[in-house]
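So the structure is just underneath, and the comments pick up after that.
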Amino acid sequence: MKILDATQFPLQGHQLIEASAGTGKTYTITNLYLRLLLGHSTALQRPLAVNEILVLTFTIAATDELRHRIRQRIYTAREYLINADAEDDDFLQFLIDSSTDAPRDITLLTAALQLMDEAAIFTIHGFCNKILNDQSLATGTLFDQRLDADAN
């Protein structure tokens, strides 16, 4: 089994994270989200805004948990950048050490916190519903049509 290093994980292309319950998937996703917000992707060469990142999961409870944990992690990272110290958190210390412009990073994280209510964090069926509703004319679907999450 290969241990995932969120500081080195590629942020471009197709990547798969597969792990059992309780192994840190949510923690890893929050760290990858931070890297995207701060522009750590060599492919994009710029920071992404909250409205440019899509997170998909399986359950409604998981979407709520992810939204909460991502918001909390952004806040913590911002505070650590302000204080320039995260000795008790290796990943956040990596962000501090790799930052070439801490004031810019603090501004990016502050903006992300303000936009977290607009974050695209969905279940797979929730995302499909959103696309069908947003693109109802292009897809030829009814405006108020809903996918049945419990259908076989």
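The first residue you see is number 1, and the count goes up from there.
Cβ coordinates come from backbone N, Cα and C, glycine included.
Per TrEMBL, the features are:
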type    : residues                                               : note
DOMAIN  : 1-152                                                  : domain 'UvrD-like helicase ATP-binding'
BINDING : ALA19, SER20, ALA21, GLY22, THR23, GLY24, LYS25, THR26 : ATP binding site
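Mean model confidence for the domain 'UvrD-like helicase ATP-binding' (1-152) is a pLDDT of 86. Fewest other C-beta atoms within 10 Å: among the binding-site residues ALA19, ALA21, that description fits ALA21. Within 10 Å of the C-beta of THR23 (ATP binding site) we count 14 further C-beta atoms, all protein chains included. Neighbour list (LYS25 (ATP binding site), Cβ cut-off 8 Å, at least 6 residues apart, same chain): ILE17, ALA19.
The Cβ of SER20 (ATP binding site) has 6 neighbouring Cβ atoms from other residues within 10 Å, across all protein chains displayed. The most densely surrounded of the binding-site residues GLY22, GLY24 is GLY24 (count of other Cβ atoms within 10 A of its Cβ). When Cβ atoms from all protein chains are considered, those within 10 Å of THR26 (ATP binding site) total 17, not counting its own. The secondary structure of GLY24 (ATP binding site), as reduced to three states from DSSP, is coil rather than helix or strand.
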